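**Q** Handing you a structure now.
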Amino acid sequence: MKKLIMLFCGLALMVFAASAKPNPGDPKKATKTGNIAIHFKNVVNGQELKLNDSLSLYKNANGDDFKITTFKYYISNVSLIAKNGDKVAIPDSYFLVNAADSATQNQQIANIPEGKYTGITFTIGVDSLRNFAGAQTGVLDPAKGMFWSWNSGYIFVKLEGESPKSTAKKNRLTFHIGGVKAPNNTIRTFTQKLPKTLKINDGKLPELELIANAGALFQGKTTVDFAKLNFTMGGPNSVVVADNYADGLFKITQVKN
Amino acid sequence: MKAKGIVFLVLLIFIMVSTAFNYGFKGINYSIAADSVRFAVPANFPKPVYDFKDNPVTSNGFKLGRILFYDPIISKDKSISCANCHQSFAAFANLDHAVSHGVDECLGTRNAPPLFNLAWQKEFMWDGGVHHIEVSPMNAMTNPCEMATDLNTIVSRLQETNAYAPLFKAAFGTTEINSQRTFRALAQFTSMLVSANSKYDKYIRKEKGGDFTAEEIAGYALFKQKCSTCHQEPLFTDLAYRSNGLDLKPEDIGRDSITHLETDRGKFRVPSLRNVELTSPYMHDGRFETLKEVLAHYNSGVKPTANLDPLLHQNNVYGIRLTTLEQSQLIAFLKTLTDRDFVNDKRFQAPE
């Protein structure tokens, strides 16, 4: 009998201990949250990106002239890195930026736990799970034109344009980067230490300026020559481009608290 | 009295307006009764691949999917519906058509596969490029040689056709029409296309009507010995990609177009043999008209192609040698895979 009581007490203590342990997912303990505004600024190697601008052509690292007619990209699975090194994941964070639609260049990330953050990390493109999850809606709606029907999966970065160097029909440039299966997996992760500590407070709207450099697709590990590479829709050539842009595509240049 | 008159007038105008909107979409009955449907796993089948958690089949969802499947509004010039290439009497393949035939008399490059037991498929199409049942119709919708349109056009046309809002509401709770709901309704219809009631199934489940003849028994024994590695029971496919030695230099690179691997050049998905009696012509390009021609290929036509399946090159013999008697026994067995209940199921046919 005594043993039984001891056992019962022990058990009760364990249950108590387990329930008293702070659980970050506990809704009762949920801290206040805040939002940030993100301003996406599209550039080409330092110049402002203007679509269909035939007057001032851009130059890639190989010295080839080109213009851009389409530039769209996904970022997803945003996490902020707290001062103590903790990674705070923002659930359901999917963003599609389209250079032809200025509304998509100013977005907000909501529901970030209050605190001070020194870094950011996100997926360039759409995580593998969502690529295999069937029909999606919102920014992941395949009607957004960033989904392959014949080899299903999201196009992570889409750049189309023209270059006199391109050997394709009408000198076209077609760079549709995507694919999540080895050996042609093009998921790349961007991580950066913020230029200044970001303070998230309920009721405040701090701002981040994020620069996207379309020129990064064509330089990095491999300098792209438009005479040789002017078309890719997944596969090994998309891996070449993804490896190029992994480091250079994005840069957070400003934090305004 | 006066109020009644106003209601009547408003109703009349509404009917007139909706009729005007629907002009040109003749032949689709948007007001069919919802069938009582439920997805069930046949006793001799494994667990399905499709996770119905986010999209359980309901009577109203299935009904909407059925109407969409038969509605040509989905194609560029409103002339081609899913059912054009997927005919119920051909087990939802395209009878007599070697390759898909779309808008503007455009001919595609591959044979329309039959649609059944899709809930058990992890990948779709001859090359396996599509890996989810929900997004597989997008392929035909956007292919320039099939429906040649795009999702935005389809969604706005559905929004403009008044009959659809109540159908979407009944299926999903609100009148919102978007691509996800369109795909999910179609998936509710296509996942319900279960073929598991052939003579073979009755034989396996020891049900009435499942008595095999001596010829069918002999054919089944041959099948198990010579064909079942690739055409695995009970789906009659292992869903793998293989080359069966059709051409020394394949015109269509097949699976290679998806994986970009030289070792996948000329490989195509092993098709199911269920309902094979009804799904001629055969192969990815529909080159063979009859089952006899198919067996003749395996007997003497297999070529030493680059990625030929090793099962078709054993002991220095290319293909599967079969005597004339064996070929007819095999064909007798293959015909036991015909599921008349499935192809005659009114729930799967065009809304009357």
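The backbone N, Cα and C atoms fix where each Cβ goes, and this holds for glycine too.
What TrEMBL lists as heme c 1 binding site is B:CYS82, B:CYS85, B:HIS86, B:HIS101. Per TrEMBL, the feature domain 'Cytochrome c' maps to B:214-338. As annotated by TrEMBL, heme c 2 binding site applies to B:CYS227, B:CYS230, B:HIS231.
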**Q** Determine the mean pLDDT over the domain 'Cytochrome c' (B:214-338), rounding to the nearest whole number.
**A** 96
**Q** Excluding B:CYS227, B:CYS230, B:HIS231, which residues of the same chain place their Cβ within 8 Å of the centroid of the Cβ atoms of the recorded heme c 2 site?
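**A** Near the heme c 2 site, the remaining chain residues are B:PHE223, B:LYS226, B:SER228, B:THR229, B:GLN232, B:PHE236, B:THR237, B:ASP238, B:VAL270, B:LEU273.
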**Q** Once B:CYS82, B:CYS85, B:HIS86, B:HIS101 are set aside, which residues in the chain still have Cβ within 8 Å of the Cβ centroid of the heme c 1 site?
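**A** For the heme c 1 site, the extra neighbours are B:ILE80, B:SER81, B:ALA83, B:ASN84, B:GLN87, B:ASN94, B:SER100, B:ALA112, B:ALA140, B:GLU146.
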**Q** Between B:HIS231 (heme c 2 binding site) and B:HIS86 (heme c 1 binding site), find the distance joining the two CA atoms and give it rounded to the nearest Å.
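**A** Roughly 22 Å, rounded to the nearest whole number.
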**Q** What counts of helix, strand and coil residues does DSSP assign across the domain 'Cytochrome c' (B:214-338)?
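**A** Here the numbers are 49 helix, 14 strand, 62 coil.
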**Q** If you draw a 10 Å sphere around the Cβ of B:CYS230 (heme c 2 binding site), how many other Cβ atoms fall inside it, taking every protein chain shown into account?
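**A** Summing over all protein chains shown, B:CYS230 (heme c 2 binding site) has 18 other Cβ atoms within 10 Å.
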**Q** Of all the binding-site residues given, B:CYS82, B:CYS85, B:CYS227, which has the fewest Cβ neighbours within 10 Å once its own Cβ is left out?
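**A** Fewest other Cβ atoms within 10 Å, among the binding-site residues B:CYS82, B:CYS85, B:CYS227, is found for B:CYS227.
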**Q** Looking only at C-alpha atoms, tell me how far B:CYS227 (heme c 2 binding site) is from B:HIS86 (heme c 1 binding site), rounded to the nearest Å.
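**A** Rounded to a whole number, the Cα-Cα distance is 26 Å.
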**Q** Rounded to the nearest angstrom, how far is the Cα of B:CYS230 (heme c 2 binding site) from the Cα of B:HIS101 (heme c 1 binding site)?
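**A** With distance taken Cα to Cα, B:CYS230 (heme c 2 binding site) is 29 Å from B:HIS101 (heme c 1 binding site).
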